[in-house]
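Let me begin by presenting the structure, written as C-alpha cells, before commenting on it.
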C-alpha cells in the first residue's frame, strides 16, 4: 500500500533553519523521531501475508540463533559465550528486516502516538508478529532438534530453566530487564545511520540478554519448544504459564519504561506530527 508522504511542518526548527521557539530544541532527538515515524509507518500498513511472512522469518532467524546458543553452551558450559553466539540472531534480524515482537514496541507506538496509524493497526501488527514469531520458531526448533540429536540433553536442560521457573517477582524483573534492553537496542538502531554501530548494539544486546539469564518471551519460548521436541517432562501448559509472566514483564520494560521515556523526550516533535 502506498502511504501518504507527510511534509515536515515549516515551523519546525531544523539544523538549517532559524530557531522559532523560546526553548532550544534537540535536533538529534527530532531527527530520531522523524526516522522512527518515516520508517515505522509502512510496517503498520503491511498486508496480512506480508506481516506474517516477516514474522515467520524472524522466528526462523531466532531459532538459528538458538541453535548457535545450544551448541556453544554444550561445548563450553558458559552462558556468556552462548550469549555471544546467539547475537547472530539479532544481527540477522537487523540485516534481514524481519519482525520480532519485542522489537515492535518503540517504533509502532511512536507512529500511533503521532497519529500516523490507529491503535487497531497496532494491535493487528502485534498479534500477527507474535503469532508468526512463535510458529516460525516452533517449526524450526523441531527441525533443529531432529537434525542434531546430540543437543537433546542441553535443549531439555536450558528449556527447563524457564518452563519450570516460578512466577516470582525476581523472574518478572528479569523479563522487565529483557524488554527494556531489546527496546533500547531498537532505540539505538533508530538513533544512528551508522551500520557498524547498529551491528554492535545488536551483538551487545544478545550477549546481555542470554549471558545474564534474562527472560525473553520469544527467545526463551524457543528454548522451551526445543526441550519439548526433545522429549522433556514439561509441556505446553508449563510454557504458556511462563510465557504469560515473561510477556507481561517484557511489555512493562519495553513499553512502560524505554518507550515511555522516548515519548516524553520526543513529545514536542511528536506533537508536530500530530498537527499535520
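Placed from the backbone N, Cα and C atoms, the Cβ positions cover glycine too.
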Which one of 5-28, 125-148 shows up in TrEMBL as transmembrane segment?
-> 125-148
For the transmembrane segment (168-187) and the transmembrane segment (239-264), check the count of CB pairs under 8 Å (sequence separation 6 or more) and say whether it reaches 3 or more.
-> yes
Taking 3+ C-beta pairs under 8 angstroms (sequence gap of 6 or more) as contact, is the transmembrane segment (125-148) in contact with the transmembrane segment (51-74)?
-> yes
